[in-house]
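Annotated features, as they stand in Swiss-Prot:
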type: TRANSMEM; residues: 13-31; note: transmembrane segment
type: TOPO_DOM; residues: 32-108; note: topological domain 'Cytoplasmic'
type: CROSSLNK; residues: LYS42; note: ubiquitin cross-link
type: CROSSLNK; residues: LYS55; note: ubiquitin cross-link
type: ACT_SITE; residues: LYS55; note: active site, schiff-base intermediate with pyridoxal 5'-phosphate
type: MOD_RES; residues: LYS55; note: N6-acetyllysine
type: CROSSLNK; residues: LYS68; note: ubiquitin cross-link
type: MOD_RES; residues: LYS68; note: N6-acetyllysine
type: BINDING; residues: CYS72, CYS74, CYS83, HIS87; note: [2Fe-2S] cluster binding site
type: CROSSLNK; residues: LYS78; note: ubiquitin cross-link
type: CROSSLNK; residues: LYS79; note: ubiquitin cross-link
type: CROSSLNK; residues: LYS89; note: ubiquitin cross-link
type: CROSSLNK; residues: LYS104; note: ubiquitin cross-link
type: MOD_RES; residues: LYS104; note: N6-acetyllysine
type: CROSSLNK; residues: LYS105; note: ubiquitin cross-link
type: CROSSLNK; residues: LYS106; note: ubiquitin cross-link
Amino acid sequence: MGLSSDSPVRVEWIAAVTFAAGTAALGYLAYKKFYAKESRTKAMVNLQIQKDNPKVVHAFDMEDLGDKAVYCRCWRSKKFPFCDGAHIKHNEETGDNVGPLIIKKKET
């Protein structure tokens, strides 16, 4: 039972199924490229620090810093806002590469 010009319905059906499958494949690839990555990168960064505040902000006067200050950027420090090295474990567990913010006086 082969295709012939006598069966236009069968040829149209095959063309429609082929087009639908191609469209579905392109749609799936576009979804994987643009939307699947977004959903896994929108994880909560701050898991426990001042969760009752709408925004966590710390301000320090430059005179109060001394010669050097090291601040946490991974939100895992037990001494937050200061760094205690918790980013090392965080980086090992998540594959992240976050490190501390180091502020020091300019050497003259």
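Glycine is no exception: its Cβ is also placed from the backbone N, Cα and C atoms.
Applying DSSP to the topological domain 'Cytoplasmic' (32-108) sorts its residues as follows: 21 helix, 9 strand, 47 coil. When the recorded sites LYS55, LYS68, LYS89 are compared by Cα distance to CYS74 ([2Fe-2S] cluster binding site), the shortest distance belongs to LYS89. Other residues of the same chain near the [2Fe-2S] cluster site, with their Cβ within 8 Å of the Cβ centroid of CYS72, CYS74, CYS83, HIS87, are TYR71, ARG73, TRP75, ARG76, SER77, ASP84, GLY85, ALA86, HIS90, VAL98, GLY99, PRO100.
Distance from the CA of LYS104 (ubiquitin cross-link) to the CA of LYS78 (ubiquitin cross-link) is 22 Å. When Cα-Cα distances from LYS55 (ubiquitin cross-link) are compared across the recorded positions LYS68, CYS72, LYS79, CYS83, the shortest belongs to CYS72. Mean pLDDT across the topological domain 'Cytoplasmic' (32-108) comes to 82 in this model.
Taking the Cβ of LYS105 (ubiquitin cross-link) as centre and 10 Å as the limit, one finds 11 other Cβ atoms among all the protein chains shown. Within 10 Å of LYS68 (ubiquitin cross-link), counting CA to CA, the recorded sites LYS89, LYS104, LYS105 contribute LYS104, LYS105. LYS104 (ubiquitin cross-link): 11 other CB atoms within 10 A of its CB, across all protein chains.
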